[in-house]
Amino acid sequence: MPGTMRQLGKRRASLSANLKIGDHHGCCRTPEEEAVFFPFAQDSLVKQWSSMHNVTERNQEKSKAPSRQSRCFLNINVGGKSFQIAYKMAARYPVTRIGKLAISTDPMKKLKLCDDYSVQRNEYFFDRDPLIFHYIFHFYRSGVLWIMEELCPTNFVEEIEYWGIHLKYSQQCCRILFEEKQDELKEYLKIQRELEAELEPMEREEHFEGKCLGEFRKAVWNLIEKPYSSVPAKIIAVMSSFFVLISIVGMTLSTVEEMQHKTGKAFMEQLETICAIFFTSEYLMRLISTATFQKFLRAAFSAIDLVAILPFYIQILFEHLDEGDALYHEERHKMESVGKLGKVLKLIKLMRIFRILKLARHSTGLRAFGFTMRQCYQQVCCLLLFIALGVFTFSALMHSVEHDVPGTNFTSIPDAWWWAAVSLSTVGYGDTVPDTVLGRMVAFGCISFGIILNGMPISILYNKFSDYYAKLKANENETSLTLKFTKKIRFKERALKKLAKCCSGDAHVHC
């Protein structure tokens, strides 16, 4: 019976909890036995031998077991969990950290490869994640690196780089899915960083420290840039949006024929002057109060503010030049210059339409829309490319089918571009229509292609827009709640200070 049990002891320890660990016939196994042997269970998790027929032999084996294991196996402790890896298996991969530990003979090099070493237990300690090391442990046993979907890609890559194992040892199917997940995570983190930069204020409180009139400039900056900081800041934000709307309405009404007479024209000029004065004052307050002029000038909103006020002053400059030309030129030359100047002035006045972009400073929706366009520029460009291809293709087909029809509007391919663009957008004005059956079939194909084309990017753009809008709105609400909470704390502090002053004053009077 004992002889039978000693034969069973040669089997791997994880197959049965009642089998003894180790070999009775030698400290190490043959190369064939060692290649297939690998202990999955720890010594503490294996039930000890309890047969009363072999107590003496069991005690002798216990005293010999540590020396045998130390000579045949690497004892590794990762994050508090013990593992045993055969030297032969670890030496198959000499480039890895465990492989270097197995083949190295210099004790100092071994200590550099691990975080700590226990002399009594002959155990190398690594302060790493033991959960991921299970996959490293399996790699040394089978030569294949497993990748589970629930693992964090960044953490997993960091761990395998520490252990010196390349991703090429994993299966191709797992590696492809892992790399796709890793790319998605990188794109997500990139968008998160850009969104945080979008939400981050241009100036912080520490930027004003040590600057000339730092406290005053910080107060003015908060008044202009942070609507939730105080009641006057909210009033200025509302006034800014109000003047933008008034300016756009005034520019629109100035083109109405009834407003072209002298009274209406003078009223519109006065309204434009008031709006320009407000926008100029707002821009100068931002320019004076900023802590970093270069960052302020590079900001997109600063460029929008500058474009909002430049047309007014350029118009005044051109009108002044027009009056000077009238004094020094003849009548014919003056009329020619006035005609050219009028076209330039119309173009300059048209630039006032960009003032509506100032609303993006106080509109979360417009900021989310602009951020979505910046992030989805590749999809938008791809959509425009498909539209251009569709316009050229279907306009050429329509011209080849309809050019022989008397009285047709498709006399050339460029003449058919408008029809193709309108049909692709599924608007269909009906100003230009085909007359032949083949032409109608081409038109049906153009409309069908337009429906499919317009439906592809809508879901992508809308999902991203809703996601960015929700994040911007959440940050805006969080900022407003933080400022309100700070105000409440300051109100309590001021009330306590006043109460303390009153109490000290009463005590002084009694004294």
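Even glycines carry a Cβ here, placed using N, Cα and C.
When DSSP labels each residue, the domain 'Potassium channel tetramerisation-type BTB' (74-173) comes out as 48 helix, 20 strand, 32 coil, counted as helix, strand and coil in that order. Per TrEMBL, the feature domain 'Potassium channel tetramerisation-type BTB' maps to 74-173.
Summarising the annotation, TrEMBL assigns coiled coil to 178-205.
Annotation comment: TrEMBL describes 234-471 as domain 'Ion transport'. For the domain 'Ion transport' (234-471), the predicted model reports an average pLDDT of 81.
The transmembrane segment annotation in TrEMBL covers 235-254 (among others). Here the transmembrane segment (235-254) has Cβ contacts under 8 Å with residues 223-224, 227, 265, 268, 271-272, 274-275, 278-279, 282, 349, 352-353, 355-356, 358-359, 361-362 of the same chain, all six or more residues outside its ends.
Sequence-remote contacts of a segment are chain residues at least 6 beyond its ends whose Cβ falls under 8 Å from one of its Cβ atoms, and for the transmembrane segment (377-398) they are 410, 413-414, 416-417, 419-421, 423-424, 434, 439, 442-443, 445-446, 449-450, 453, 456-457, 460-461. Residues annotated as transmembrane segment in TrEMBL: 377-398 (among others).
Same-chain residues lying 6+ beyond the ends of the transmembrane segment (441-462) with a Cβ under 8 Å from its Cβ atoms: 372, 376, 379-380, 382-383, 386-387, 390, 394, 397-398, 401, 420, 423-426, 428, 433-434. Marked as transmembrane segment by TrEMBL: 441-462 (among others).
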